[in-house]
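Asker: Pasting a structure here, questions to come.
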Amino acid sequence: MPELPEVETVRRGLLPVMEGKLIKLTAVNRPDLRWPLPDRMAERLTDVRVTALRRRSKYILADLSTGETLIIHLGMSGRILISGHQVGDFHHDHPAPEKHDHVVFDMEDGARVTFNDARRFGHMDLTTTKDLEDHWLIKPLGPEPLGNAFNEDYLTDRLRGRNTPIKTALLDQHIIAGLGNIYVCEVLHRAGISPKRKAGQVSKTRVAQMVPIIRDVLREAIQAGGSSLRDYRQTDGELGYFQHTFRVYDQEGQPCKTHGCDGTISRIVQSGRSSFYCAQCQR
DNA sequence: CTAGAGCCCTGGGCGC
DNA sequence: TGCGCCCAGGGCTCTA
């Protein structure tokens, strides 16, 4: 599920519950997610304050008063639920624990943050905050698509000479960090570029067009997530999943939404993942 | 170096 | 109701 906009929405939802707050107790219910969890993780996350809650690509980063940073990745099925926080004058009870509740943070004010991940492609790690940029998961990441380092010159340079399909290149987190299968499909549709086109064969003009399209698609999705948070704050529940309509993703057989296009959305498989696109207006 | 396949894991949906 | 198969929003590692 979670691509950059969903992770950002989760982060924003966690802010009022975690940032500046003391984690009173952390329970770690299994030794591993995708990889083994850090040694003594529960102890290292008990009686520590979260000084800042940040995001890098699809990672949520919790800086701690101990000088460490907790790195969280939601994988495919990772979800974060909040319970027990005060909403107005109403206090919600904690729901019964569920299957795949792997890590549970109990905050000083009674809020509970539960990390649930059925498929366990998610991960958590602890690292010294000052060494975060050198962490093996963070270091190889490409630039943030919403940041200044991501621009026309950069993208042109990284796509030059590549024989891999543009779809695969945009999914490569070493080139650009944060796009996933859904938003890559949406970006290519808006840009009118076939997912099958070789990355190195996308014209300079269209690479330049892609940069603001990528930013727009992500910003719009973050905005949609933000409005879902307003509803969410009225009640306890799960962060990060919000109603979102896609123009091509999962729209196989539907008419293309491009203005003036009478094509139909088709689905193909590229490096094991579905690509949805319109063969009529994406070339 | 590059590109593609395999693999990690669970659960939902569908055809029979 | 059960079984087998396909599919899923990610990404590291291995192979050629």
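A Cβ is built for glycine as well, from the same backbone N, Cα and C atoms used for every other residue.
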Asker: Can you pick which of A:His94, A:His100, A:His135 TrEMBL lists for the same DNA site as A:Arg119, A:Arg162?
Answerer: A:His100
Asker: Around A:Pro2 (active site, schiff-base intermediate with DNA), how many other CB atoms lie within 10 A of its CB?
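Answerer: I get 24 for this one.
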Asker: Which sequence-distant residues neighbour the domain 'FPG-type' (A:247-283)? Criterion: at least 6 residues beyond either end, Cβ under 8 Å.
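Answerer: Non-local partners: 165, 167-168, 171, 181-182, 185-186, 188-190, 192-197.
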Asker: When the pLDDT values for the domain 'Formamidopyrimidine-DNA glycosylase catalytic' (A:2-122) are averaged, what is the result?
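Answerer: Averaged over the domain 'Formamidopyrimidine-DNA glycosylase catalytic' (A:2-122), per-residue pLDDT gives 94.
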Asker: Between C-alpha atoms, which of these active-site residues comes nearest to A:Arg119 (DNA binding site): A:Pro2, A:Glu3, A:Arg273?
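Answerer: Closest by Cα: A:Pro2.
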Asker: Rank the recorded positions A:His100, A:Arg162, A:Arg273 by the number of other Cβ atoms within 10 Å of each Cβ, and give the residue at the low end.
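Answerer: Each of the recorded positions A:His100, A:Arg162, A:Arg273 was scored; lowest Cβ tally within 10 Å is A:Arg273.
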